Each structure stands twice: as C-alpha cells, then as structure tokens.
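Novice: Okay, so TrEMBL annotates it like this:
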{"type": "REGION", "residues": "1-25", "note": "region 'Disordered'"}
{"type": "TRANSMEM", "residues": "60-81", "note": "transmembrane segment"}
{"type": "TRANSMEM", "residues": "167-187", "note": "transmembrane segment"}
{"type": "TRANSMEM", "residues": "279-303", "note": "transmembrane segment"}
{"type": "TRANSMEM", "residues": "315-334", "note": "transmembrane segment"}
{"type": "TRANSMEM", "residues": "369-388", "note": "transmembrane segment"}
{"type": "TRANSMEM", "residues": "409-430", "note": "transmembrane segment"}
{"type": "TRANSMEM", "residues": "497-516", "note": "transmembrane segment"}
{"type": "TRANSMEM", "residues": "523-540", "note": "transmembrane segment"}
{"type": "TRANSMEM", "residues": "560-584", "note": "transmembrane segment"}
{"type": "DOMAIN", "residues": "772-828", "note": "domain 'CBS'"}
Amino acid sequence: GDGYGGGGHARTPPPPGASLQSHNYEPDESEVWRAYVAQQHFSNRGQWWTTGKLRALKRWMLTLVVGVVQAMIAVLCNFCTISLMETKFNHVYDLLEHNRLSAIQNPDGSGGRSGEDGGGDNGGDSYGFYTADGHLDMNQDGIPDSEQQASDELSNKHWVNFGYSPFAALLFYNTIFVLVAAAFVWIEPVAGGSGVPEIKCYMNGIDLPRIVDFKTLVCRVAGVTFSVASGLPVGKEGPMIHSGSVVAAVISQGRTKFWGVDTSFAKFSDFRNDREKRDFVACGAAAGIASAFGAPIGGVLLSLEEGASYWSTNLTWRAFFCAMITLGTLFVIGNEDSEWGQANLQKLFSLGEFTSIGDGSSNFSVWELFVFILIGCLGGLIGACFNAGCENMTLWRMKNVNYSKGRRVIEVLLISFLCTTVSYVMPVLWGRCTELPTDMQDWTNQEKELVSNLVPFNCVPGKEYNEVASLYLTEADVAIRQLFHFRETGETDSSTFSSAALFLFFVPYVTLAAVVFGTAVPAGLFVPSLLAGAAFGRLFGHLLHKLDHTSGTFADSGTYALIGSAAVLGGTARMTISLTVLLLEATGNMQYVLPLMLTVMAARFSGNVFNEGIYDIVIHLKHIPFLEPEVPTIAERHEIVAGQVMSTEVKCLRPVERVGIVYDLLKSVGHGNFPIVDTASSGTLYGTASRAMLCTLLQRRAFGQPHDVNNGHYHSNPDGSTDYSELLGPKRLSPLVQWDTIERVYPCYPTIDDVLLRPGDRNCWLDLRPYANTAPYTINETASIQRTYRLFRTLGLRFLCVVNHNNQVVGIITRVDLLPESLSDSIMRGRNAHMTRSVSR
C-alpha cells in the first residue's frame, strides 16, 4: 500500500473514492468551445495540410519518441541493476573462495596465516613450512603455494572484507540497496509497489494524484533498480509498465512540474486533455512490457487485457507501433558493438530460447496436456494462497505500519534482513557440492553459458556448485533460465537441480515474496511469480520422472518449468491471452501454444474459485472506485433503477449567477460539476459547469458589474423572490474567456483557494451561458441500472445527470454510486424513495 495523501494510509480507511476524481473524456460543448472549433475549421478551408493531418503526424511522432525513450530507460535500468548485483555477488563469491582456501591451508580451523605467529619458521605448527614473509611453502622452495597466493589476492581485491564474513558482506550490500530504494519511496510514496494496479485504475478513468508525474518516474525507475539489486524477491518488469506509462504521459503533454519545463501550448494543445493522455498512457504501458520481456505483441495484449478500459482500432495500431519502436531501439542498442550486423537476441530481455529435443517432434506428448491442466489448477491454487497471504499482510500493514513513513522504512530493513538470512542460510544448510556437467558435446551455447553461472558456494570453482545457492545467490532471470533450459529428460538419474534443492528454494521464496509484497519499495510480481513457478514446475517434473523410474516417458523438466511459470503467474495475476503470447515471445517456441493456453485457463478458473487476481485485490484494498467491465452481479439479482442509486445532494446554479453565490458554493462543497437549471422554465436542465471552469472564471474576473443588466433593477415575483428571467436575453456579459485560455493550464486548474475577491465583487454577475456544457449526458430516473452502468462506463463519463420526464434535474450519478457497495445500499431504499427528497438549488 501507499496512501495517496503522502505518508501512507490512515488508520481508518476513507470511504471508497472519497478524495478521487474521474477523468473527463468528453469536451464541454459550450459556446466558447464551438467558437474554437469553428475557428480551426475556418483556417483549414481550401488547405491540403489541415490541422487534423498535423495533429495525426504529431501524435505518431510523439508515440515514436515514447518508444525510444522507454527502451533507453529499460536498458539503463537493466545495466545499473546488473552492475550493482555483480558488484555484490563478486564480493561475496570472493570472500567465500577466500574462506575455502583458508580452510585448505589451515585444516585446524585457525584461519588466516598460521605462519604469522611463528615468525617465518614452523612456529610450532607441524602442518607445513613457511617463507620468510609467512606464506605457506610446502615444497620448501621459497615460493608461496598457489592457494595462499590466490587467497591473498582475494583478500586485497576489495576495499573492505567485513572480517572475511560473506554473510556480513551480503547483508551490507542488501541493506544499503534497500535503504536507497526505500528513500525514493519516501520522496514519492506512489512509487511503491509495481504500479500496475494504479495504471489500470488510471486507464479506467480515475484521476490518481501524481501517478503519471515525472517525479514519480524518477523515483520508480531509480528505486526499482536498487530494490532488485537488494536481493528481495521482486522484479522490475511491473514497474517498467508504470515507467512506460509515465514516459508517454509526460512526453504527450510537453510539460513537467518537476523541472519546470513547459513547451508552447499551441504545439501540444491537441493532446492536453484526458482522452489523449489516456491513449498515450495505454501505448506507454505496451512499450513497458516490450522493453521488459522483448515481447511487443504481448505488451499490446497486456495493455488491452489488464489495462485499458476503453479501446479502439486506432489505439491498437498506435500501441503496436510504440511497442515495435521500443523493440527496435533495444535491437539497435544491444547490437551496437557489432556495428548493427548480425542481431544478438541474447542481449535482449528474454527468458532464453527453447529448442526441440527430438528431430522435428514436440518436447511433450499429447496425453501430457492433461498433466499440464493439472499443473494449471495447482498453479491457480498456489496463486490464490499467495494472493490471500498478500491481502492479509497488506491489511495488517495498513493498520500498523503504513501510517508512518519511519515505520515503513524500519519494516523494509527487517524484511531485507530476513531475506538476506534465508538466502544465505539455505545454501549453508544444503551443504552439498554437486559436480558440474562434463559431457556437454550435444549442449547448446545457451546451456553451456548457464553452466558457467552456477554458484560454487563453498565448493571448488570450475568443478562443483551448490544447487540451492545457484537459485538464491544469482540474478532472478539467470535462475529462471537455468530452471528452463538445463536438460533433464528422465532417461538418466543425473539432474542439475535435485528435488530437495527445488523444494528448499520454492517454499521459502514464495513465502518471502508474499511478505515483501506491499512494502515501501518499488517492486514487481512478474519475475518472482515466474521464478517460483519455474521451481514448482521443475519439481513437479522431477516427481513424475521418479514415479516413472527415469524411463523418459514424460517431457523434460525444462518444459514442466515453463508450464509451472505460466500456472503460478496466471494464478496470481489471472491473465490469459497476454500471458500466453508474452511467454511465447519471450521463449521463442511456438510448440507450447496449446499447453500454455490450457495451463493459464486452468489457473484462472481454479484461482477465481477462491479470490480475485492480485491487482484487483490491491485496487480494493486502496478503496479505489474501479468500474469492472461487467455490471455488478447484485444488479442482476435485484431490480434497481437510476433513481435509487443517484445522489440527491445536488447543488445547482442558474445561467446568470451572483459571484458571491458561486464563490460560497465552491467553498462549501467539493463537487466537481454543477448542473445549471433554467428557473424561467420551471427548473429544466440548461447545461453543466465544471468546478475547474468556475474557478478559472472567478480567478480571471470574467464577470460583469451589478449595473450591467437592466441598470441593476429586477422584477420581483409574488413570493418576494427575484425574477431572473430577464437576464436570459441574447446579450452576454463581458469579458469573455476563450476556450484555449481556460484549457491552457490543464491539468493544474486553479482552485477556489486561488481566488481572491475584491470588495464589491460578490454582487457582480457571472454569466455562465457561454461556458456551460449545453449537451450533457443525461438519463431518466426510471432507467435500469444495467443501462445506466453501461452508458457510464462505455463512454467513460465523469458524472451523469438524472432527470425526470420534464427534464428537471433530480440527481447526479458518479462512479462511486455504481460500485457494488453503493448498489447494495440502494436496495435498502425503495424504488420511489427519491421522490420524497428534493434537489438543492
């Protein structure tokens, strides 16, 4: 969790959507807007190069820039992460090797140089002879032994050796890295987590504060670089989706508050609105996945399946183009050293390439499809347990930790210590060295490279390795490729990772991933789910081979590792189409299409029996008013109409209103929109006025003096009220504010606190007729909730005016009113309960 107020969640959660506003995807069709559009049309008369063509060209050019920038960010993030992890692991490996050599030289366990106490002779030690400077000299030739020389080189290689304790070195690096990551979340709280739920909500039409700011981008990318390097079970693929979305939002607007950059409004006026910004964010999300996995098609489908609530064919092409540019940029950067000749696919972010073991046949049997379905069901169960654990941990964290930034940092440090301890203690408990494979004549270059990445934890380098350490003390993507691509067909008893080692890795890793989820560090769930699933799938394959007595009936363990990854990730995130295509693109083998489809479908169905996907759980925990694609099920079981769910606390304005009345109204309520009713025609709906527009008009003093209308004299009605009908003539009070002037400050419109009224301004007149949206979306109070919900969500509305048969406003519906909780409350009210309430005017 991260509270959007800046310091975390409060102890008592706020009402759903209490402080969040919706986007406005439809322009206000006012007189000033029509005048602006007419001016654009007039300037295009007789022109071949019209404003529309220029707008389309700029849109495609900005999309291209988004793809290039996101690819460069991904490369930089990946390079920094690898560099930090190599520095950490090299230091730890060197200390381990130093201790191993010292143990060989000093079998009595004294450690260090035993000759230092003897002054150059034997010193009372009967083990060996020493040179004058204390080096071991078993041959008595005055030359130090190679082991002693190598140990000395290792001890002098680094600036500090932490008392020759590998654990202390590992703990030091992990603590520093996780502190830096937590510092970025301290600076910008919304940079915590993966960012995928927030982007999903943003594209659903919810204006989450600061979620696509440049400051958030910096903290997100820099923070995830250090959080991944800290050894926590997190990934950077989820934050890359958020990164791409923020890059697209910032570039499309041509401005940023973080650096104070603001380009000409004329150049970006066509894109400074919620609709264009939403579409660019969708393209950026596709580019983020393409940069993370090298999977452009999967990125487009993921943006469609998990992100965008509103999609179109044109947006599909743009997202495809953006992902294509991102992948092309990765090709150019990754193959720069070869002068852009033969493309080296291994330099991209991939999970390795699966090759067929047989000649032209698949790596699995047809009857094994039923086994894959079983793995999918088990993966869905694992994902459901993982999601339940994450939910309970987040609820506890929201009550006890998240309200204090200091507590969040302390929690991160404690969890980092726990993860470091587990990742070091497990290889120590394993305590067994396995010989490296020697017969590798038929192995591919990919497999030979993976052999060199096996970790010799307290083993002889180049000859042995520690199975558990090769999974814990290495990069996550390297561990995934090792689980995917080491050959174990079951025809022999040899195995790269034994069943016990996989079990010792899988159970603690999944548990730690659930504990880390929701902490104050940028973290993704894609790679942890893939890695845990790969260990689970490979373990499942091992058990099948043992049941079969290694006769080679079942597919190789690498195939089962891939199926397990799809099962666990599908059971956690509940993705189907995009996950299948993403894994196919990342692995580069089409023979797994049907197995992956069956697996992810089984994982989704079995997981949905118990709970929702992890991203939906996060959305609900943060009380974000997210509208699902389908009407809530409660609406299908009860007869509900719009009049039951609407809010009757509506504050209306007149077409020509006193400045004091408008000012007091904006001060007293926080409503985002206000209906404008015509009192001269029994209160029929005239239009709507947004809060941003009203504040802008007041700040710019776009109102007339009291004597501007009928010399300040008005007729009175018999009941003593003022007759405003004569104010509705064709004359408009000056001065007028142009549409582009109002929208120039998007999205940082002035607030009512920015408005300062002078003495006498309260009696002035504010003519709202030129600025009112005279074509608002409305629905009758007797309309069914199904029609109301579809109209609201399909069009991406910010609000919906509810009228009666006389076109009089009786209520307002916002997205909060359409949530399942609000619909449940509306059932308690009768069908005609709204008839007893009145609307404030």
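Note that Cβ sites are derived from N, Cα and C of the backbone, with glycine treated the same way.
Unlike curated entries, TrEMBL annotations are predicted automatically.
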Novice: Tell me whether the transmembrane segment (60-81) sits in contact with the transmembrane segment (523-540), defined here as at least 3 Cβ pairs under 8 Å among residues 6 or more apart in sequence.
Specialist: no
Novice: Would you kindly list the residues that approach the transmembrane segment (279-303) from elsewhere in its chain, counting only those six or more residues past its ends and only Cβ-Cβ distances under 8 Å?
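Specialist: That would be 62-63, 66-67, 70-71, 73-75, 199, 202-203, 212, 236-237, 240-249, 251-252, 271, 311, 315-316, 318-327, 330, 345, 348-351, 526, 575, 577-579, 581-586.
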Novice: Between 0 and 100, where does the mean pLDDT of the domain 'CBS' (772-828) sit?
Specialist: 91
Novice: Among 167-187, 409-430, 523-540, 560-584, which stretch has the highest count of C-beta pairs below 8 Å with the transmembrane segment (369-388)?
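Specialist: Out of the listed stretches, 560-584 contacts the transmembrane segment (369-388) most.
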Novice: Can you say which of 315-334, 409-430, 523-540, 560-584 has the most Cβ pairs under 8 Å with the transmembrane segment (167-187)?
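Specialist: The listed stretch sharing the most Cβ pairs with the transmembrane segment (167-187) is 409-430.
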Novice: With DSSP as the yardstick, break the domain 'CBS' (772-828) down into helix, strand and coil residue counts.
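Specialist: Computed counts for the domain 'CBS' (772-828) are 24 helix, 15 strand, 18 coil.
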